[in-house]
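Asks: The structure follows.
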Amino acid sequence: RICYTHKSLQAKTTKSCEGNTCYKMFIRTSREYISERGCGCPTAMWPYQTECCKGDRCNK
């Protein structure tokens with residue numbers, strides 16, 4: 001599986017991952033939207049939210 005693996009304001013990067021899922025973890029604050037992308041499907045702790053998906057580059 002090929003997943004995006006970058007944080008909010010960084011240039012987009014991809015990585016070939018062993019697992020079958022990619023994730024996008026994010027938090028919305030009053031001033032900005034912060035996100036992080038990577039391989040797998042980690043459990044998010046409040047106030048973060050995680051979206052997991054299966055498919056190459058699905059975590060845009």
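Counting starts with 1 at the first residue shown.
For all residues, glycine too, the Cβ spot is worked out from N, Cα and C.
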Asks: Based on the record in Swiss-Prot, give the one of Cys41, Cys58 in a disulfide bond with Cys53.
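Replies: In Swiss-Prot, Cys53 forms its disulfide bond with Cys58.
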Asks: Just to verify a number: CA distance, Cys52 (disulfide bond) to Cys3 (disulfide bond), in angstrom, no decimals.
Replies: 11
Asks: Within a 10 Å radius around the Cβ, which one of these disulfide-bonded residues has the most neighbouring Cβ atoms: Cys3, Cys17, Cys58?
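Replies: When each Cβ's neighbours within 10 Å are tallied, Cys3 tops the list.
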Asks: Return the residue, from the listed disulfide-bonded residues Cys22, Cys39, Cys41, Cys52, Cys53, with the maximum count of other C-beta atoms within 10 angstroms of its C-beta.
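Replies: When each Cβ's neighbours within 10 Å are tallied, Cys22 tops the list.
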Asks: Taking Cα atoms as reference points, rank the disulfide-bonded residues Cys3, Cys22, Cys41 by distance from Cys53 (disulfide bond) and give the first.
Replies: Cys22
Asks: Does DSSP give Cys58 (disulfide bond) helix, strand or coil?
Replies: coil
